[in-house]
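A short worksheet on the structure shown next.
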Amino acid sequence: DIDHLNPRVQKELVEWLNWLRTDVGFDGWRFDFAKGYSADVAKIYVDRSEPSFAVAEIWTSLAYGGDGKPNLNQDPHRQELVNWVNKVGGSGPATTFDFTTKGILNVAVEGELWRLRGTDGKAPGMIGWWPAKAVTFVDNHDTGSTQHMWPFPSDRVMQGYAYILHAHPGTPCIFYDHFFDWGLKEEIDRLVSIRTRQGIHSESKLQIMEADADLYLAEIDGKVIVKLGPRYDVGHLIPEGFKVVAHGNDYAVW
């Protein structure tokens, strides 16, 4: 607990950040529990330390219905993420973890893939509004791992990575545990290499082709198509010339 409004605290933290950047070699910051202090304070640290990248953890609860599942409309939740970036500086390096996408994706892969198309026809998380400022993820040290506070369905983790790494913009983030401890390194590597080879980036153009309970199909930049869900008879939906380059448990990539 420190007083971020204290000028001395701000000065010494900025000096420390600049030391980390210039002497140690770090080039970006992760703002932990960013809802614990104002975006105005975060802006001071970003502006005065000039990182190449900054991402904030703003973890708030989604809106839930009487059935205990997220409401279809999560606009207030993703608006909070957008507001933080705007206040810190939308033209700068500030981004936020896309907790809206995380929460919806958790439920969608359990036979409710229709949730992955918002009421406006776009992705329902922050990536649907401001993908350049959204850092997507499947799990992190709080939601998964030993804390296990909001884990992704363990048998569907690769569907989550197929979603964030392929036909979706934003900046995808890979969880250490999944990559090194779960035996998924080779499978995740393959997805990463496809994204890199095809030049998919944080502002790539998303087109959602289908979003039903058992099928989600989306294309990005006219280069990559991803399918989630158990439905197999999708050949008639795939444009001519596309070939399967990766597949796994209830996902495929063309």
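A Cβ is built for glycine as well, from the same backbone N, Cα and C atoms used for every other residue.
Please treat TrEMBL annotations as automatic predictions, because they have not gone through curation.
What TrEMBL says about this one:
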type   : residues : note
DOMAIN : 196-254  : domain 'Alpha-amylase C-terminal beta-sheet'
Where does the mean pLDDT land for the domain 'Alpha-amylase C-terminal beta-sheet' (196-254)? 97
Provide the three-state DSSP residue tally for the domain 'Alpha-amylase C-terminal beta-sheet' (196-254): helix first, then strand, then coil. 5 helix, 22 strand, 32 coil
